[in-house]
Amino acid sequence: MRSRAQWSFVLLCALLSVLIASLNGTATESFRHTHHLSNGTSLGRRAGASGISCNMFRGSWVYDESDPLYDSSTCPFLDPEFDCQRYGRPDKSYLKYRWKPDACELPRFNGLDLLRRWKGKKIMFVGDSISVNQWQSLVCMLHAAVPDAKTTYKKNDTLSL
């Protein structure tokens with residue numbers, strides 16, 4: 001039997017798959033078809049045998065010299081207890097890792113592009129604290145891309161059954 005954390009991870013992977021697939025404006029297509037990102041990277045699988053295939057879930061964490069996508073100390077949406085630097089973590093090397101699928105390159109996150117593509121749409125995060133962490137990470141990356149944007153943030157009590 002799977003634990004709650006394992007189910008949360010499976011749900012998160014499914015939600016991220018839908019998010020990435022819909023970035024191409026084709027959220028209703030099956031993920032078995034190829035989705036091309038703005039840099040020409042293909043995600044998913046082509047229907048034909050000659051197509052390029054990239055399984056985004058097979059890969060590894062690789063060191064990346066580029067700057068992290070956001071600074072936790074400047075993000076107003078991050079709960080303080082998740083700011084490792086604030087609580088004395090001496091290193092920052094953990095911020096330099098990114099996921100790299102075995103068979104393709106994923107483009108670096110572009111907050112402006114995401115905002116343009118998702119204008120007028122909503123994203124819903126369902127789950128436990130892992131989903132909260134994913135939401136905080138996403139809005140921190142968006143805040144870094146558009147730091148002077150007008151935002152409204154209202155935190156409600158959690159719902160539990």
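Every residue, even glycine, has its Cβ placed from backbone N, Cα and C.
Feature annotations, reproduced from TrEMBL:
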| type | residues | note |
| --- | --- | --- |
| SIGNAL | 1-25 | signal peptide |
| DOMAIN | 53-105 | domain 'Trichome birefringence-like N-terminal' |
| DOMAIN | 106-156 | domain 'Trichome birefringence-like C-terminal' |
How does the model score the domain 'Trichome birefringence-like N-terminal' (53-105) in terms of mean pLDDT? 89
As a quick check of your reading of DSSP, tell me how many residues in the domain 'Trichome birefringence-like C-terminal' (106-156) are helical, how many are strand and how many are coil. 24 helix, 0 strand, 27 coil
Using DSSP, tally how many residues of the domain 'Trichome birefringence-like N-terminal' (53-105) sit in helix, strand and coil. 10 helix, 12 strand, 31 coil
